[in-house]
Every structure is written in structure tokens, then in C-alpha cells.
Ligand SMILES: [Zn+2]
Ligand SMILES: [Zn+2]
């Protein structure tokens, strides 16, 4: 799409409502800035933000199926329609179908990393708090780089203990 | 504490004195949790929903998470009260509009709020002024631990904390930082921030979350992915790299405006102050935009006789439900716009 003012590529798309009617405007960055009243030269390397965080998209979600959760009765098709699951068991009942969806929503990830409850849900049985060893190793590396040897020693002990 | 006490002041998060408050209005962290042994809310009967609400309400009140915790039963609360809580960011718009047994617990300084029966059984939230993500995390983590010692949360070793919508599963964490970016808007560079944020898989939203337009140059940036990375990693990315970079760009844009467009900038700020000090009818959107320009002017040292606390209070207290609560009556149309203009004039002219 071309800018309405000049002939550059339009990257800014505005919707204006005037007198109850909707108007769409397609402008390039310069013209959009001018329309705002205080244009200045473009100078900031905002795209640098991206370089460290490029991500890959994964495949499309699985086909709708007549799969049903025997606990709450929700079907896979119903879930796909409103986006909300019916009960915790759905994560087990639809595990195969959910996995590609989760990967798409979470930057490719399909496994939890992070906090864990001290008691396992429902049973009241105490659970050993999971230690994220990969995370500790990363922190250790950082501590060594920062020459914070006291912290590094502590982290080394934690890793040893976690690895049993 | 009563709900009406809230209208006497702005919450902690609007203090305007937190770190990097020249750009960062507030830092918010939210955790989604569900009670084991119950269906998610979409598959709860009316009765199960009530049982859940009672159980969670009792647990929260017994745990005494914050001094003088106020619990608001949203099923019983009048609309203006629910709207007031939305304006203060203590509940979400959908939570205000929903039906059935639901509520919210609010700590006295309003840094902690716990929504009961929103999309998940619990939505714990900590909201603080300026860039305070680590502090917010420490605080919410403690609240979560306290609740967890009394309630079994649905958890699965592979998927983590189980949530009604799979987009929240895993950590269940949503980190949101509210930014005031008037200079990037004026220089036309805000679109670049949006595109960069989108490529980083971050969501950019307006003042009141999902589906709301950015008004008055305020933008909320939040993480989208909640699985596969730890809470610490998500918070570190935000607090140590992404947000400081955006703050730097805004500062850069402010400097550029002063050096290249000093007069036009002062004109914009002065017009905003002039209108706020003399207009007789003020709409919400116009107020937000003018206050935004004024806030920028104050931070850039272009306006000396208005302080930030006043501006922050005006942001909050001029919104529809707050105005009506303060005046103690229903206000609509031009009457409301006139009341808003009167209130602003009185505050800014020192009456
Ligand atoms: Zn153009
Ligand atoms: Zn189910």
C-alpha cells in the first residue's frame, strides 16, 4: 500500500472518526509524523531491540476433532470455538492437540519452567520444590563474568545440591 | 476500609515518585491460579461458582495478606462502584461486566488486589508506581506462597499452573508496564516501538488493557508467552533490557524535540495548560491528552508551577465513576463534562 501523501510505502494506518463516519488513512512514517505536527529526523535504532529476540513460528493447530474430556464433558471443537478449557483434566485429555497450539502461543515452548507449588494440587502431599539447574548455571556464568566470586561459590553449592 | 475511602486519594501506583517515573507510570504483575478439584469457570454450575467464591474469599481474608483488606462482592456492587474499581486498575473490565458470584480483595495501599472468579479462580495482582518489577515480583510471590499454603492450586509438572485459557498456562504470569511516551508519539516514532514490541512477542495495549485504545499517549506493554521461561527470566528481560531501551528512546525523542522544535513544544504544553485552566466543558479523552502534554511539559522542565502528584490525581479523579463518586450523584453528558472542567480548573488554579 502506498502513502496517500507521497508515493512511499505506507506503514502507518490510522482510523479517524469525523461526524460519525469512519475514515481510513494510510501514510508513510514521515507523513504520519507531519500530520502529528512535530516531525523530526528519524534516528533511533529501535530495530536493535529485535536482534536478540528473533523467534520461530511453529506449525498450524491440529484439526478439530470430536475428542471429549470425560471429566467435564467439553469437546475439542467446543474449546476451539471459545478458547477456554473446561477443567484441569483437559490438559491431559487434549495433550496431543494442545501441544502445537501452546508452541504457537508461547514462542515454541511446550514445557513449564519456573515456580512450582510446595504441595501437589488436590492431594495435599508435600512436593519437593523443583530447582531450575539451567537457570542456576546461567547465573553462575554471570557471577563469574562480573567477578562476584562470593555469589559464584554460593551458586556452585546450590547446583551441587540440586544435582544430588 | 470502605470503597468510598478510595476516592479521597490516588493509589500507590499513581504516586508519580517511583523509579523512572518520568516515563514509567506503573509496573504490574499478575498471576493466574485455579483451585484443584474444581472445573474452570466456564464449566462450573452457579452453585459450584458460589462455593468457590466463598472458599477463596474466606482463605484470602483468613490469610490477612495486607493490613485492612477490603473485600468487594462484585455480584452485589452497584455499577458505579465496579466502574470505580476498573478506573483504579483493581479489577479488569470483563470482571466488572461479568455475572455470577465473584469479587475482589484489595489491600489498603492498593498495591495488592486479588480477583476471585475472573477468567480463572484467582487473579492475583500487584501494582506499583514507576519501574519496580523486582519489588512487585517479590511481593506477589509472597502472596502466592501464602495462598498456596492454604489452597491446592491446579498444577501439572509438564504444563505448570493450569489456566482456563492455554495462553496463560505455565507460570501464569503477566508482566505489564504502563509507559507515557508523548515525545515518541509527537516525533512519529511510536510506530517503530509497536513493531519492535510485536516482533518481540510483546503485546501493546491502551490504558485499560485488552481491546482498549491507547489514549493520551499511554501504552501498556506486556509479555505474551508464559510457558518455557521462568518468572525471573521474563521479569529480567522486561526490567533490564526492553523497558530501559524504550525509556532511552523516549528521552532521546524529548531531547530532540527541545533542540529542534523548542517553540512548537512549548506551544503545545502551554496550550494544554491554558485549556485545562480555563475550559468549561471537558471530555474524558481530551482531558487525558491535555494532561499527557502537561505531564511531559512538567517532566521536561517547561512548566514550573504544577507538580506531578496533582497531574496524576487529575488523571484518576476526573474519570466518570470517580467524578460521580466524589460528587455523590449520577452525572451525564454536558453536566458531567462541566463538573470535570470545574474540578480541573479548581485544582490547577489553586482553589
Ligand atoms: Zn508519505
Ligand atoms: Zn475437562
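Glycine residues also receive a Cβ, built from the backbone N, Cα and C atoms like all the rest.
Marked as domain 'Phosphagen kinase C-terminal' by TrEMBL: B:23-253. According to TrEMBL, the feature ATP binding site maps to B:26-30, B:89, B:123, B:174-178, B:205-210.
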**Complete:** Here the binding-site residues are B:123, B:205; the one whose Cβ sees the most other Cβ atoms within 10 Å is B:123
**Fill in**
With neighbours defined as other CB atoms within 10 A, the best-packed of the binding-site residues B:26, B:176 is B:26
**Fill in**
For residue B:29 (ATP binding site), the number of neighbouring Cβ atoms whose distance to its own Cβ is within 10 Å equals 28
